[in-house]
Each structure stands twice: as structure tokens, then as C-alpha cells.
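Peer 1: The structure follows.
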Amino acid sequence: METQAPAEDSYDKLVEEKRAREKEIDAWLPITSSRNAKWWYSAFHNVTAMVGAGVLSLPYAMAQLGWGPGVVILILSWIITLYTLWQMVEMHEMVPGKRFDRYHELGQHAFGEKLGLYIVVPQQLIVEVGVCIVYMVTGGKSLKKFHDLVCKDCKSIKLTYFIMIFASVHFVLSHLPNFNSISGVSLAAAVMSLSYSTIAWSASAAKGVKENVEYGYKAKSTAGTVFNFFSALGEVAFAYAGHNVVLEIQATIPSTPEKPSKGPMWKGVVVAYIVVALCYFPVALVGYWMFGNSVEDNILETLEKPAWLIATANMFVVIHVIGSYQIYAMPVFDMMETVLVKKMNFRPSWYLRFVVRNFYVAATMFVGMTFPFFGGLLAFFGGFAFAPTTYFLPCVMWLAIYKPRRYSLSWWTNWICIVFGVCLMVLSPIGGLRTIIIQAKDYKFYS
């Protein structure tokens, strides 16, 4: 009996050491290191994540969808994504004493250790990395537009250089350690999104309805109209793509059994969704009403005057996209750092973080400079990855975990969302791919 005690002691010691190491790693990783966020952090993080530059392409999407289908799809998307967001907020702490701090952890609980990772991680990475690349392009384009409007006699500068200028900000900001440390950037971004959306629709309304405005479909052939319709579905899906960072945002809110984090989180989400409605519906409807099917894929390009106002709106877009990029990059940093520290046993240190994050910013900058076909990319990514993670993956998890009674209200609601989301996922990349092919024909690399 004597010999057994030391063996047990050393085993306990090992367990303790392992726990201490895991605690130390969690205190270092960006998602779990800081849990003192207030409910309003949730509000502006969600606004920054949701209201992206995608809002500026909504009038163009309306022109491809037409009045009836366009309004229905916009409203349906708003309702469905609010419902799936509510599900994610509820599922964050459904196991007593445990928090699903990351989207893939919830996936593993719903589908099993291995399968959960295989289902969630690729989709989440496509969304987050895709958004970062698209925002590199958007930031560069808006800077270029600002430069061209403010300085009409200046020498023209390539878009490539503007993307580099935009990326230079991220080489600095990416070293903020966690979600709470980017809350100032995120708040500025949320205010900017409301500002440029308001400029977009109020300047359109001030211009009045264009002479000989047409609301019919732009494409001459039936095939063109159908493909454009599919592509517009992807643009709408892209506009409602904030769910990929919801659990990660909720992980920053403190939680106790008496006061779970879902209370303050949901309060923030409701405020965020009111702001989303104030941004999306006026821009989409007023923009389309004023310009009809002649609207560009970025409404600010259609509005050329007054130059100072449009230049200001473009600068607001730049500031907003800086915050959005950071919100979407943070979970990617978390994944990369987790793999390096937990799987490859690197020591958590500032230089590991320095190398990882600079590499990521450089990679997204390079891809953005190489393929800046903005509209087509939006539709392609929008359908391919945003529809699953936003429209129906939360519903599938809900059905897998809670198993609601067949044909009950919850069962029907979830299945309707799943069918709608699957249609979006299948149809919109087709339109997006066609747009990319058409735009790529006369494209010169790094022009």
C-alpha cells in the first residue's frame, strides 16, 4: 500500500500541472483572455461584424432581384438571421459549467469531436479569411476613390498601392491582444457604418428619382437575368454574415450561474439588429428607387456629387472596414495561435504572435491585390460559406442537440430556415462564379 501513494501523488501533480498550463494558455489566447465586456460591447461588435461594405451593394442586388423578390428576401434574411443568432446566444452555455467560446467547439458538441471540426472550421475559415480579403480590396478601393475625388489633378495611382496603404494599418492594429482591446476600434467602425449608410441613402434621396428610371431587369437574355438573380442572393447573404464571430464575442462577457452571459449578449444583439435595419433597408430601397437598374455595385460610385460628401463617405467606409477586418481576423488569430501552442507546443510569447499575425495580414493583402473583382467575390463567398454558417448551421445544431418534437413549431421553423439557407448556398455561387469569369476576361494583374 505504501508504494501506491507516491504514484497517486505524482499523477495528481501531473493533472494539476496540465490544468495550470491550460489555464495559462487560455489566459493568453485572444478569445478567452479577457472576460469583462459589457452588454454594449456586444452591440457595437455585432454592428461592426454585420454591417459591412456589403450594405453598399444592396441597391445593386435589389436591381437584380426586382422589387417583389428583393423586399421579401431582405426582410426574410433579417428575420431568419436574427432567429439563428438567438439560437447561438442560447447555446453558448447550454451545458452547465461549460462555455462554448468558439463556433467549432459548439460544432464538436453537436456533431462529435472530429466531425464537428471538419464541418465548422473550413466554413468558418472561408468566411473569416474571405471577409478579410474582400475588406482589403474595399479599403483600397475606397481610399483610391477618396484620393481621386479630393485631388482631381493628381497623378493616378494604382489600386495595388492603395491596398498596400490600407494593409499597413493592420500590420500595427493586429497586435492588439484580444477582443476587448479592439473595442475602441470597433465602436468607431460601428458609428462609421451608420454614418456612411445614412449618407448613401440621404444623398440618393436628395438627388431625386433619375430621369427615365427603369426598374426592369438589366440583363437582355433570360440566362443573364437568372444568373444575376442568383448572384444577388449571394450579395444579400454576404450582408448578413455576422454569425461567425458571435460565440467569440459572447466569450468576452462575464458569466455566473445567477447572471449568465446570454442576458447582456442578447440585449446587445437586439440593439445591433435595430441598427442593421436602419442601415440596410433605407440604403437598399431608396438607392434602387432613385436609380433603378442603372445603379453600380457600390452605391457610392453612382453618387458622384457633391464630391466632398462622397469623399467623406468613402473615408468612413475605410475606417469602418479597418474595424471589421480586426473583428474577423481575431478568431483566425485565435485558431492559428491555439494550434501552434496546444498542438505544436510552442511557448506562448509576443514574438510568436508577431510572426503569426504579420504573416496573416501580408497573405490577405497579397490575395486582395491579385484578385480585386469585388462584386463577383461577394456573391461567390456569400453563398458558398456565409449561407451555411449564418442561415442554417445553427438550426442543424439546434435540431441535433435539443431534438425538438417532430412537426412542432420549433421543428418547422428550423427546417424552413435550413431549406432557405441550402437554396442560398447552392444558387448564389453559380451567379458569383459567372460574374468573376466575365470580369476576369479583360483583367490585367496588378494594374
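Numbering starts at 1 and runs along the chain as it is shown here.
Using N, Cα and C of the backbone, Cβ positions are placed for all residues, glycine too.
Predicted automatically and left uncurated, TrEMBL annotations should be read as such.
Per TrEMBL, the features are:
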- 36-431: domain 'Amino acid transporter transmembrane' (DOMAIN)
- 39-58: transmembrane segment (TRANSMEM)
- 65-86: transmembrane segment (TRANSMEM)
- 115-138: transmembrane segment (TRANSMEM)
- 159-176: transmembrane segment (TRANSMEM)
- 182-201: transmembrane segment (TRANSMEM)
- 269-291: transmembrane segment (TRANSMEM)
- 307-329: transmembrane segment (TRANSMEM)
- 350-371: transmembrane segment (TRANSMEM)
- 377-400: transmembrane segment (TRANSMEM)
- 412-437: transmembrane segment (TRANSMEM)
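I would like each feature placed in context: is it buried or exposed, what are its neighbours, and how far apart are things?
Peer 2: When Cβ-Cβ distances below 8 Å are used as the criterion, the transmembrane segment (39-58) is approached by residues 74, 131, 134-135, 138, 142, 179-180, 183, 186-187, 189-190, 193-194, 196-197, 200, 235-236, 238-242, 244-246, 249-250, 252-253, 263-265, 267-269, 271-273, 275-276, 279-280, 283-284, 287, 297-300, 317, 320-321, 323-324, 327-328, 375, 378, 382 of the same chain, each at least six residues removed from its ends.
For the transmembrane segment (115-138), the residues of the chain that approach it from at least six positions outside its boundaries are 52-53, 103-109, 163, 166-167, 241, 244-245, 317, 321, 324-325, 328-329, 331-332, 335, 360, 364-365, 367-369, 371-372, 374, 377-378, 381, 384-386, 388-389, 393, judged by C-beta separation under 8 angstroms.
Packing against the transmembrane segment (159-176) from elsewhere in the chain are residues 136-137, 139-141, 143-144, 147, 182, 185, 318, 321-322, 325-326, 329, 333, 353-354, 357-358, 360-362, 364-365, 368-369, 372, 446-447: each is 6 or more residues past its ends and has a CB under 8 Å from a CB in it.
Sequence-distant contacts of the transmembrane segment (182-201) (same chain, six or more residues past either end, CB-CB distance under 8 Å): 37, 41, 43-45, 47-48, 51-52, 55-56, 173, 176, 275, 278-280, 282-283, 286-287, 299-300, 303, 309-310, 312-314, 316-317, 319-324, 326-327, 330.
Packing against the transmembrane segment (269-291) from elsewhere in the chain are residues 40, 42-44, 46-47, 50-51, 55-56, 58-59, 61-63, 67, 70-71, 74, 78, 82, 85-86, 89, 190, 193-194, 197-198, 200-201, 204-205, 207-210, 213, 215, 239, 242, 299, 302: each is 6 or more residues past its ends and has a CB under 8 Å from a CB in it.
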